[in-house]
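Student: Can you keep this structure in mind? I'll have questions shortly.
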Amino acid sequence: MELVCPAGNLPMLKAAVDNGADAVYIGFRDDTNARHFAGLNFNDKQIAEGVKYAHDRRVKVFVAINTYAQPKGWERWTAAVDRAAGFGVDAIILADMGVLDYAAERHPNVNLHLSVQGSATNPAAIGFMQRHFGIKRVVVPRVLSLQQVAHLIRETTVPVEIFGFGSLCVMVEGRCLLSSYASGQSPNTFGACSPASHVEWRDTPQGQETRLGGVLLERRSHGEAAGYPTICKGRYQIDGELRHAIEEPTSLNTLDILPDILAAGVSAIKIEGRQRSTRYVTQVAKVWREAIDSCKRNPQAFRPKESWNQILAQVSEGAQTTIGPYERTWH
Amino acid sequence: MSALNTPAHRPRLSLGPILYLWPREQVLDFYAELLEAPVDVVYLGETICSKRRQLKPEDYWELAERVTAAGKQAVISTLALIESDGELKTLKRICADERFMIEAGDLAALDFLEGRPFVAGHSINLYNHRTLAFLAERGLKRWVMPVELGRATAAELLQRRPEGVECELFAFGRLPLAYSARCFTAYNRGLGKDNCEFCCGDYPDGVLVTTQEGQEFLSLNGIQTQSAGTHNLLASLDEVRALGVDLLRISPQSKHTADVVRTFADCLTGDLDPAEGTARLRDWAPSGLCDGYWTGESGYKVGMPA
C-alpha cells in the first residue's frame with residue numbers, strides 16, 4: 001500500500017519525500033487543480049526540480065489536473081496535460097471526461113488516475129472510465145463505508161486509492177456546489193472550496209462571525225476555536241435548534257482502522273492538504289510511514305501509538321477527528 | 001443564423017423527477033394533475049434515496065405509459081449517487097428496459113446506457129464541448145446543464161453542440177447542490193441512515209436551514225442538499241430563447257407546481273409578460289427566488305438580466 005502525500009510547493013515536496021512518502025501529488029499554479037490558492041503550487045522550473053528530487057529517491061510524482069474545464073479556457077487544461085506529460089511524471093490525476101478523453105488520445109503512454117473529483121463510487125462507473133480512458137487507479141470519494149470499499153475492490157480491476165487523513169469532505173467530491181452557491185466559485189469551476197477571497201472574519205458584539213460570499217456560516221463566542229469556514233461545517237438554525245446541521249468541524253483520521261484498510265486491499269492511501277505547511281507534511285508523512293510499516297509487519301498486533309495520535313492532533317484542523325464515512329454509523 | 005435564434009423559437013417544458021418522499025397517493029394525484037398541464041416531457045423515478053420504495057420501478061413504468069398516452073415524452077430518471085450493490089442492480093434493471101428514454105444520474109448509468117439513446121442529468125459533470133462530443137458518440141440525445149454553469153457557458157456549449165443533441169436547463173426549483181453518504185434529514189433527527197424511519201417524509205419540500213441571522217439558506221432532502229432559494233429562469237426567458245435552449249425543467253414542489261408550469265407556458269406563448277410571470281412565481285417559492293448561477297454570480301443571488 002502506497003503512501004501518497006500532498007505538496008503545495010517544493011519544500012513540501014522534499015519534506016514528503018524525505019519523510020516516507022511513496023508518491024507526492026502536486027498541481028500547477030492555476031485553476032486546473034482543486035487547490036487553486038494564492039501563492040501555492042508549482043511553476044515549470046519547480047516541477048522539473050521536484051520530479052528530479054523525487055525520482056532520484058525512487059518516489060513517484062503525480063500531477064493533479066482535477067477541475068472541470070469549460071469551453072472558455074479549455075486550452076489551459078489541455079496545455080496542463082501536455083506539460084505534465086512532458087515532465088515525465090508518474091501519473092496525471094484527472095476528473096473531467098473531456099480532459100480524460102484528450103489525455104488518453106494524446107498521451108496513451110501516460111498513467112491516468114481518476115481523481116476523487118471524478119465522482120466514481122461504484123464498479124460500473126469505474127469500469128466506464130477504465131474502458132474509455134484506460135485509468136490505472138481510482139481515488140474513491142468519501143462516501144463508502146470500509147466494507148463497501150472492500151467490496152468495490154473485489155468488483156473492479158482498477159487499483160483503489162482512498163483518503164486516510166486530512167480535511168473531511170462531507171459531500172461526494174466533484175458534485176458539491178455549496179461553495180459556488182454562496183461565493184460563485186466551486187472546486188469544479190475554480191479549483192477551490194470556500195475561496196479565501198470570498199471569506200470574511202468579523203468581530204461583532206454578538207461574537208466572531210465568518211461569512212462566505214456574504215452568507216453567515218458561523219457566529220461563535222469570542223475565544224471559541226475556529227476552523228477554516230466551509231458551508232458544510234457551519235452552524236445554522238434547523239427545526240428550531242442551533243446546530244451543525246451537516247457536520248461538526250471535524251477532520252478525517254483513519255489510523256485506528258489501518259489494519260482493516262490494508263486487509264481490504266486498498267492500493268494507496270492519500271493524505272489531504274496541499275494547502276498546508278512543510279511542517280504538516282513532515283509530521284504526517286513520518287507518522288503514517290511508521291504506522292503503515294508497523295501494520296504491514298504485524299496487522300493483528302497493530303495499535304496506533306499514543307505519540308502518533310498526539311502529533312496528528314497537533315496538525316489537525318478543528319478539535320475533533322473522525323473515521324468519517326468509513327464507519328457505517330457516520331452515514 | 002439558424003432558425004433557432006429567431007424570437008419564434010419556443011423551448012419545450014419538462015417536469016423534473018419528484019425529489020422528495022411524498023406518500024404514494026400524493027404522487028399519483030400529482031401526476032394526475034400534471035398530465036393535464038402544458039408540459040411536453042415528464043421525468044419519473046427516484047433520484048435521491050434507494051430506501052424510498054413507496055413507488056417501485058414498475059409503478060414508474062406504469063406512470064410512464066400514461067404519460068406517453070397523454071402525448072408527452074416519458075423519461076425514467078435514476079439515482080444521482082450509486083454506492084451499494086443493490087442500487088447498482090436496480091439501476092441495471094431500469095437501464096435494461098428500452099421502452100423509455102433514461103436519464104443518467106450517476107456515471108454508473110453511462111456504463112449501462114452506452115450505445116442507446118439517453119439523457120445526461122445535471123448530476124453528470126458535463127462542463128465542456130469535448131465531454132459533450134464524447135457522450136454524443138455514446139448515445140447522448142439530451143443533457144441537463146450542471147446547475148452552477150451560467151449563460152456564458154451555455155452559449156458556448158449550445159454553439160458547439162453535436163447535431164441532434166438537445167440542451168435542457170434547470171429552470172425552476174430549489175437547486176440540487178450536493179449529495180452525501182450521510183442522510184442529513186435523519187442526522188438532524190438524531191437517527192442514522194440505516195434506521196431513518198423515513199423521516200424525510202415529514203418534509204415535503206426538504207428541511208429548511210437558516211443562518212444565525214435568519215437568512216433561509218439551504219434545504220436538506222435526505223442525502224441531498226438543496227438551495228432554500230428557488231432558482232428561476234423565467235426572468236431571463238428572452239435570453240434563454242435567443243440561445244436556442246430546447247427544454248426548460250420545472251422541478252416539482254409540494255404546492256403550486258401546475259401553476260408554475262402554466263405561468264411558464266403562458267410566457268412562452270406570449271400571453272404573459274415574463275416580468276409579470278416572475279412576480280407570480282415569487283408567491284409560490286417557499287424561500288424566495290434566485291438566479292445568480294445563470295448570470296455568473298453566487299447561486300443564491302438575484303442576478304442582473306442581460
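For all residues, glycine too, the Cβ spot is worked out from N, Cα and C.
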Student: Look at the [4Fe-4S] cluster binding annotation in TrEMBL, where A:Cys169, A:Cys176, A:Cys232 are given, and name the residue from A:Cys193, A:Cys295 listed for that site too.
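Tutor: The one candidate that TrEMBL places in that [4Fe-4S] cluster site: A:Cys193.
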Student: Against chain B, with Cβ pairs under 8 Å, which of the binding-site residues A:Cys169, A:Cys176, A:Cys193 show up? Give them in sequence order, please.
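Tutor: Sorted by position along the sequence, the hits are A:Cys176.
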Student: Does DSSP give A:Cys232 ([4Fe-4S] cluster binding site) helix, strand or coil?
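Tutor: Reduced to three states, the DSSP call for A:Cys232 ([4Fe-4S] cluster binding site) is helix.
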Student: Sequence gap of 6 or more, Cβ distance under 8 Å: name the residues on the same chain that satisfy this around A:Cys193 ([4Fe-4S] cluster binding site), in order along the sequence.
Tutor: A:Cys176, A:Leu178, A:Ser179, A:Ser186, A:Pro187, A:Thr230
Student: Specify the count of other C-beta atoms within 10 Å of the C-beta of A:Cys169 ([4Fe-4S] cluster binding site).
Tutor: 26
Student: Between A:Cys176, A:Cys232, which of the binding-site residues has the fewest other CB atoms within 10 angstroms in the structure shown?
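Tutor: It is A:Cys232 that, of the binding-site residues A:Cys176, A:Cys232, has the fewest other Cβ atoms within 10 Å.
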